[in-house]
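Swiss-Prot has this to say about the protein:
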{"type": "DISULFID", "residues": "Cys24-Cys41", "note": "disulfide bond"}
{"type": "DISULFID", "residues": "Cys34-Cys59", "note": "disulfide bond"}
{"type": "DISULFID", "residues": "Cys63-Cys71", "note": "disulfide bond"}
{"type": "DISULFID", "residues": "Cys72-Cys77", "note": "disulfide bond"}
{"type": "SIGNAL", "residues": "1-21", "note": "signal peptide"}
Amino acid sequence: MKTLLLTLVMVTIMCLDLGYTLTCYKGYHDTVVCKPHETICYEYFIPATHGNAILARGCGTSCPGGIRPVCCRTDLCNK
């Protein structure tokens, strides 16, 4: 009986952990819930004309290039 109870507890913990999804900033103030396979929040600048740069934020599977890339793996860490 104890073995069955322990097995049920372990299965429950595993199922809860597998259901976790990351939340990242997208743009300046908006947030987005990442897809299950996207495990990284990123932030970087895209060069634009006249010396300006555009901020890019979101979810990804790997750290992208760009100017001053920042990548992290916790909720809302890309601000």
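Even glycines carry a Cβ here, placed using N, Cα and C.
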Inside 10 Å of the Cβ of Cys34 (disulfide bond), count up the other Cβ atoms and send me the figure.
19
What disulfide-bonded residues among Cys34, Cys41, Cys77 are found with a C-alpha within 10 angstroms of that of Cys71 (disulfide bond)?
Cys41, Cys77
CB within-chain contacts under 8 A for Cys63 (disulfide bond), separation at least 6
Ile40, Tyr42, Pro69, Cys71
For the disulfide-bonded residues listed (Cys41, Cys59, Cys71, Cys77), most other Cβ atoms within 10 Å of the Cβ sits at Cys41
Please report the number of other Cβ atoms within 10 Å of the Cβ of Cys72 (disulfide bond).
16
List the Cα distance (Å, whole number) between Cys24 (disulfide bond) and Cys34 (disulfide bond).
7
